[in-house]
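*Asks:* Handing you a structure now.
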């Protein structure tokens, strides 16, 4: 690229007065002792084999995010499976089935356990294999490494070793933590994008030591050798302590020479570096945690239910054993025909307690159907199918990148429906790092006719609210005032020919007064000229010319600068060239048709920092006039204006407030003319401070800079729109209406995070901001730490008290805290107070936070609130919080995610690999939670409740019969009946419930977001509902057993006068169980397709087909079940009538319950189902809209809350205007 050669010749050191000071030679000679604990790492540069022996055997560059490896899979997976208490019980039962006390054959106990555990382990292996494949995509990426004799070759990342010399080219990611040796620039600087580490989009400048600048070509490394002594691996991204021993001299190292893994080389053709930290030792991996094993809350609660059922199992087994002991001791000796005691000693009247113990073991196995072993495998199947539906959802498919949603683990599907707090990264998750120049204020005049989304939405909502209605004291005949006020509040977007032009990236400005050179006709032409020149000159960007089109694009430190340069270009001031000491601009002035290239000499540049909140450039124009051009935060600029420079201050402040209400990012622009003597005196003082050394160097530079940036003259202000990812405001609004709390955790600057908060409606104009910060720059000394901690605690206490004393019900608070302060707020003695304050605020923004702090905040919210958290991010800096949260979501739809593409963003892959779910864009989170989360929660909850119901209904009948049969251990059911009950006869309908059930369809879920709160409130899996289903199972078991006994006991049931034997009664009871539980699940379902009809009816038909086939088998003769249906039960009318009677009585209480609930105490989805059933949503649109407006949680964040606030303001002004008009009318009549 031609532009690259030009850029490579620029010596940029003179432009960076703060960040990139090169060590003085005298300073380089100082010996820095860094030995001792924590500083033991030794790196032999260009000699990687030296590190293969102890004690220097460092880890490889291989990274892994898998849960298992080849050796640990079997033991760890077995442990995971037998953490489930039901599986432990069945393991014990399977072992006991090999003993004489078993009532069943060993195969019937061992086979289901092996099947269930094996299937679950296979699912875990498949999911972990996918993680391994993605790991290898990273590990097998190639990097240029010095091999020998000055020759470089490609080597996989995983093969890199400490001490290797690596060559990284433009737009590539650093494969490990490197020490910068040299770059394509003469003075050894390079530009690094650390967005994936700290969230910051502006480029960082790194600088090599002067002693290694000559290592700028491959052959120069032939004889290169040096030693690095530095700190041990640690997670601190912003510090590094070490020294380089090279050429018999020692040079101190600091973070400006360190290139961190997963940061990206920008605006630099190439760099050379030596590997210091590899793989797990690198700082980004030090900030990550091992892949946790996550279990959903429902699954944990299910274990508690298992404990309850196990207690019930032990209780009834104990009762059965006591009854058996009594029978054995007193009745068994009378029954001489039983030939007791038997050979095995199981029935011995002489030792009743021993026999009772054997019977206890038998009973524990016999009543084991109370604990459903098939529940786990059914849930596994259901969750896999649910995950498949999530993956195949076309509404979560991103067409631009071709990326679908991906459920990377299916264990947490139901958790999606119970989320209380979302913790989100900012850069790349909420934003797409693009700014659009939208409006500006110049010389007190506002320019820009395009309305913001907030203004348009408020106007639209006002029309809907006031259309044909006289509300809040505003009569219907006041419509003309309403219309005029709305026109004032929302500027209509122009519809001229310019609107038909293709959009320009970074420029959405529309106003013919400034475009196409028309600005020269404005009354303040000279001020406008200064405004455009500040935009085109006050920056640090580098131009790149497209050789085909001749147009320029800009490599800027921040998206704001890029937007300003694009705006300047469109206005006719095109920045086209930068040299070491000058900037050239093609100005379409004084005539717009003929551009003139003008060169401005750059005399000095004062950087933008988060502390200064401004930047300035001092230039000399072609006439020799020296100008200081400054841009910065309005509060900073206004404080520095001269008395005669405030001419436009009042109007500009008004415009800035309006821009702020519209969610735009604003900067003020000012200038100052300097004479030669004034500049020379200042520059001499500044140069002297810049070349000095000592602890007060930075403070002196700041003081001298501040002295120059005084007595400014205000020019105007800019308003740029931070381009959020598509649909982000709408998604946040919907999630807020669903009652979810949203926190933003970003490594970006506080002011940037606040602007993003406004852009996505987490913050709004009028919301009270609580900013908790510390004023100390260095927090090392104990006294300073103590003072900062006390100050932080006081700020938290005062803020908490302020919220408690607030009386306005519409008041909203936003908590904003930086990373330094967060360090103290997360201390054990303060973190709960911080959390209580955060919970009381409508929104929380944590800025300048490290990846470790993101994880710690997530842990605090998760453990402190006890509610389910979801973390969403896109970069390697988000891995910690993604793994720490109950649910981790990775953004996978960014450019470069395609496999095999050399531009694949590896840090983005880290976030996806560590996540539980991956979506292409943040906006898809709305559907993932509000639709799929809601469905999955209710499906799993209803499925589990139903499972316990049917097993209690079936299992207790076995207990009743055993009591009825003298506690003999005899089952009323055939072994095959019991084996098929859970596996075949009732398994598929319950799976269809878990996969296809919908209380409402997806569109209704999105229209009625408050339905989502059924999950966080746990309405469908609380103890009341669980015990209700258990009670229903108990009632059903009583009806089935005793009605069948009453009907069939001691009387003829066939035309021939035959009485029913045990097989006939058992088969009749089993028929009633099959009918009752399948009718029950039909009553439970709200949504039917042909699949549910087929499976429910198919289960009943399968039972009868099984009886027909089973009755014809020779095995049926051995158990006295020959043609049990065809010849024994089917000819008897009482069999069919009893089945009908028992089925109706079993389901009558549940039917009565749902009828009463829907009539007198309906849930939200019941009301919606009724409206949809009677088509009221079509016939009565007003009622449907009214119900929709009620079906959202009261929230103080989101677009809707912002619009509501705007409407309250407009209504207040309308009310005031109408009152004024009415009073004038009354006065006139008088």
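In case you wondered, yes, glycine gets a Cβ from its N, Cα and C as well.
No curator has checked TrEMBL annotations; they are predicted automatically.
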*Asks:* Using TrEMBL as the reference, determine which range in 1133-1152, 1153-1172, 1173-1192 is annotated transmembrane segment.
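*Replies:* That would be 1133-1152, the stretch labelled transmembrane segment in TrEMBL.
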*Asks:* For which of the residue intervals 995-1016, 1061-1082 does TrEMBL record transmembrane segment?
*Replies:* 1061-1082
*Asks:* Please count the residues of the domain 'P-type ATPase N-terminal' (43-110) that DSSP assigns to helix (H, G, I), strand (E, B) and coil.
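*Replies:* Helix, strand, coil within the domain 'P-type ATPase N-terminal' (43-110): 31 helix, 3 strand, 34 coil.
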*Asks:* Please compute the mean pLDDT of the model over the domain 'P-type ATPase N-terminal' (43-110).
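*Replies:* A mean pLDDT of 81 is what the model gives the domain 'P-type ATPase N-terminal' (43-110).
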*Asks:* Check the transmembrane segment (1133-1152) against the transmembrane segment (357-379) for contact, please; criterion is three or more CB pairs under 8 Å, pairs 6 or more apart in sequence.
*Replies:* no
*Asks:* Give the nonlocal contacts of the transmembrane segment (1026-1049) in its own chain as ranges (CB under 8 Å, at least six residues past its ends).
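*Replies:* Same-chain contacts beyond the ends: 305, 945-946, 948-957, 960-961, 964, 1059-1060, 1064-1065, 1068-1069, 1072-1073, 1076-1077, 1080, 1134, 1138, 1141-1142, 1145-1146, 1149-1150.
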